[in-house]
């Protein structure tokens, strides 16, 4: 019995093993008997499968227009999207809007004959391409770069160019012009005239004057007729009655900020930095303020170099948020949770995180404090609450002169314009009772108003002395608008600088010193995240710059920075102080003997009113053992010129021309200019041309100009200027 039982066990065990093997290898054993099912295509597997192939994406989406934008601050991207929307509304044409950094250009020659490429190109700095357009411009200009046709030719390719620039800079709209020239050289055919927008005057008006003739030429070139499109929304806005509160964005700038998880801090995920110190820099603050702010970055993973910029992410002032809530009839629904969905993700992406609330969108995400554009007014006329309001709005939209006199000169924001044409009192604090409501769909507001952008400031510290702290030097923007027959003058306040001024007041438990009309902000941030006991926070990130000192301290340095243009030079001097301390400690008291001289030319109104960092410069001079010299020009106190004129930094340069010329020509020194581009930078360059022309035994116009040009080409004359 024992033997029989054992045999049965073996048989059963063997059968079990066999069945287990069949189960484990069932796919291989029975594969031939099972029909093969083709995988369902997804967005990731459609087309060529190459996410950098814009031609394939155009074919998949049946798009006849591709728009590339070179953008540093977001403006060129905004105009690219506007052109895409107009192509759709006028002709019913779908467009692919592309960040050129995300695509390859070898197959640009494959753009079909019935399609067109539009290039919206901003010029950055001194005629440089924006960071995201560097590769595109290189490909267009490099004759050794071959397209798929095996040559550097784009024969017959139809294209449009709109350039964005600023006439206060020497190389106005250079990138737009270079793009146009490169395309024409390769045999491409431009549609209409090249557009050029001047940010110093009115980018908006330049665009409006250019676009109509361009669209006429576009219609003829592509054989399309206007009227084939139609008004269609970019977004669908829905009110959500049931959504987890912890998943609703209340002003957080990223998903990591909402969930409070760690990650890299950059423009897409700013760091909420503690403000560890803030103080007033002006000695006389009647009507003017300049704030020194220190941002703590310890533990953030963020680093910076002297000459970099800090991006500060402000919110909109309370009064403008309230004004637009009242104008849109949303005052009672301010905290209603909304979801926003793009109806054409390729054309219009939701520009901020959702779900969120109406008030949050207006406070944290949209630039509602900007002067409203003329084109936007035309889209709102049909929502006017009365015939009188409609007629007024149509007039402001259709008349360039009326728009300039009332809106541009009056610095009117969207909410103020809608109040004005409705006959509301602009001087009264807005409430639902005194503000006429307009039935404007919220999706139009999201579509028409650009995203609120960070404000950039030159970093005024060195990581060598302040490794865990970023310093900013911010003059507070406040000025009076121009009066007109229809609009009285009013105070205009810069969003970013007044946001920081509010933080300074709160951090130091101070009372505001400005006029009572000065704006207030919700500085505690979303869910109170920007207040930590007695410390306040601000979201920041670092933008890299090439504005750097020479690595060799033996090279002489000439720095010109009046007003807050001195900010990066404080960082430059701190950088040299840190190096001097190490050198003296290592090599003894003679360590700086062969260093080049560091000269700073600084100007302001009065030595007793707005002399920035007045108490610091003597300390730096002492530490640098005579290698640092400060030259000061006080325009509103003696001494004056012989003719009674004011003395500015360019005059100081000329007075010290022998040393300046020697430093540049014989010492192979470096020159840095920071501040106003429109007047100061031009005057300083003219003075440099005079100095170098005289030193070369020639004239400013010939030898001097040639020397200045050569300095720029060799990166020995660098500018960090603004208009």
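Placed from the backbone N, Cα and C atoms, the Cβ positions cover glycine too.
No curator has checked TrEMBL annotations; they are predicted automatically.
Here is what TrEMBL says about this protein:
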type: DOMAIN; residues: 65-215; note: domain 'Flavodoxin-like'
type: BINDING; residues: 71-76, 164-173, 199; note: FMN binding site
type: DOMAIN; residues: 268-533; note: domain 'FAD-binding FR-type'
type: BINDING; residues: 288, 564, 635, 636, 646, 647, 648, 649, 650; note: NADP(+) binding site
type: BINDING; residues: 455, 456, 457, 458, 473, 474, 475, 479, 494, 495, 496, 497, 722; note: FAD binding site
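Taking the features listed in TrEMBL, we show where each one sits on the structure.
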| residue | record | contacts (Cβ under 8 Å, 6+ apart) |
| --- | --- | --- |
| 74 | FMN binding site | 450, 451, 453 |
| 164 | FMN binding site | 75, 76, 79, 120, 121, 122, 123, 173, 176, 197, 199, 203 |
| 170 | FMN binding site | 126, 127, 685 |
| 288 | NADP(+) binding site | 282, 475, 476, 478, 610 |
| 455 | FAD binding site | 311, 312, 314, 495, 496, 497 |
| 473 | FAD binding site | 281, 290, 291, 292, 457, 458, 460, 564, 566, 567, 570, 612 |
| 494 | FAD binding site | 476, 477, 478 |
| 648 | NADP(+) binding site | 562, 603, 633, 635, 680, 683 |
| 722 | FAD binding site | 675, 676, 677 |
Just report the maximum Cα pair distance in Å for the recorded NADP(+) binders 288, 564, 635, 636, 646, 647, 648, 649, 650, no decimals.
25
State the Cα to Cα distance, in Å, between residue 167 (FMN binding site) and residue 646 (NADP(+) binding site), rounded to an integer.
26
Long-range neighbours only, meaning 6 or more apart in sequence with Cβ under 8 Å: which ones does residue 71 (FMN binding site) have?
77, 80, 120, 122, 130, 132, 133
Cβ-based isolation winner (fewest other Cβ atoms within 10 Å) among the binding-site residues 475, 635:
635
Consider each pair of residues in 455, 456, 457, 458, 473, 474, 475, 479, 494, 495, 496, 497, 722, all listed by the record as binding FAD, and report the largest Cα separation in Å as a whole number.
22
Number of other Cβ atoms within 10 Å of the Cβ of residue 173 (FMN binding site) across all protein chains:
25
Same-chain residues at least 6 apart in sequence whose Cβ lies under 8 Å from residue 650 (NADP(+) binding site):
680, 683, 684, 686, 687
